[in-house]
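Record features, source TrEMBL:
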DOMAIN    28-474  domain 'Major facilitator superfamily (MFS) profile'
TRANSMEM  102-123  transmembrane segment
TRANSMEM  135-155  transmembrane segment
TRANSMEM  161-184  transmembrane segment
TRANSMEM  196-218  transmembrane segment
TRANSMEM  238-258  transmembrane segment
TRANSMEM  283-302  transmembrane segment
TRANSMEM  322-345  transmembrane segment
TRANSMEM  357-377  transmembrane segment
TRANSMEM  414-431  transmembrane segment
Amino acid sequence: MTLFQPSFGSYSVGRSKDTVAFYMAMQHASVSQRNSIFDFIDIYVAVSENKPQNPTAPESSSVFEIGARTLPISGGTELQGFQHAGMVYVHCWLDSTADLGLYGWIVAMYPLGQTIASFFFGLWSQKTKSSKYPVATGAALMGVGNFIYGTLPLYEHGAKWVMLAARFVVGFGSGNLSVLRAYVATASSPKDRVKALSLGIGMFVLGLSVGPAVMLIFTPLGADGFHLGWFPVTMYNLPALIMVLIAIIALALLFTSFQEQYAGIIKEKDSSSDVVVPKFDKTAAIICIGFWFISQCVATNYEALMNPLTMALYNWNNDQAILYNGIIIFASTAICFSIYLIIGLTRVGEFDKRKMIAFGLGTFTLYHLINIPWPFYSGPLDYMPLEENATVEDTSLHGGCFRRYEWCAHTTRVPLPLFIFAATVLTGISFPNIGSPTGTLFSEILGPRNQGFMQGLFAFFGSFGRFVGPIIST
């Protein structure tokens, strides 16, 4: 069959007896719908073959239908992402021999597991053309990992190694987020894709926002907590045990309420011979993956360094760092989630995505500039005081710099108001202005095909950024 290439997009459309109708549809689309390749294809198919606008699904799913069907499940699984933040805050209580280098590896175990699993789950979903079982497996693994973490008070020795394993298992389970993102992208119609993806990513951000709030709620329990028989329950492990319950609820919803329905895939057996889905733009896809890698690398540095940095800068002890940083991150992610909602539910989502990404990168840059120890800041930093007859600093009593860090003697202190502004407002603005448009652009670049593998690759490099960031920074 002879093919010709219209200038609209990169789709190849075959000649047919309805060529005139095709040109009329193309002319109309080039004026009012030139930014939607999928809508253009749908118009042509509807005019030339008198079929519904989507050739593969019973009907196009709106963002509200997708939300009603998937957000409770994705919310239940993505909400467990808060444990990623929660574990970061409480490394100090596990083992007195754990230093900052090991802390970096503890932080990195979660994204390492997610890096491996994102590729695996994406490939699984691509091969089976199903999202349910990869998502269910991931939710179950997150429940197991959180249960392991909840038992950490039982280990008198070597708790840090058990924590490494627990974080890896939770991270491996969270690899199902790439499958959820791919499903949201392909189950929504093109006009609703920005809304669906923004709300989907927003659910994960909501999980990170709830995490610090939950830690604040359980802070009164303290490190000693109480006992249920022989089992200790403290402010550190109770949130993890609650996450086990959420994993069970998510699994129940998944197998009772979740129904897979796709509106954005053209399948080979269903597609007309007049429509050929082309190869996607690999360069554009690589650029989107690069932006996602950068944002996730910055995000994990922000999370990993928050506790040790504020303890050194402002002399906060363990409890103060957990409390104040919990408030800061809660405020930041609340701003972040609000902006995701604005992008998803208002005309802001129709802005030029390249400009939104550039704006997000600019605010990231400003965040780092503020946190550089400029010579005009006050200083130097204070070393942590020692208790009488003690030879090792006790972070549960005092904050400050460890005496082994010589750089504290000549490092200035970022003013606390500036630090709070950068850590709340700037990060809260920058993350959604990169995450939402990057994810939407990536989905549009891939086109109307099963996106499981490529979304897994997208999540793979994002998780890899979260893996290398804390190791390098600590």
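For all residues, glycine too, the Cβ spot is worked out from N, Cα and C.
Because TrEMBL annotations are produced automatically, they should be read as predictions rather than curated entries.
The transmembrane segment (357-377) makes no contact with the transmembrane segment (322-345), as judged by fewer than three Cβ pairs under 8 Å among residues 6 or more apart in sequence. Of the two recorded stretches, the transmembrane segment (238-258) does not lie close to the transmembrane segment (102-123), with fewer than three CB pairs under 8 Å once pairs fewer than 6 apart in sequence are set aside. Note on the domain 'Major facilitator superfamily (MFS) profile' (28-474): mean pLDDT across this stretch is 75.
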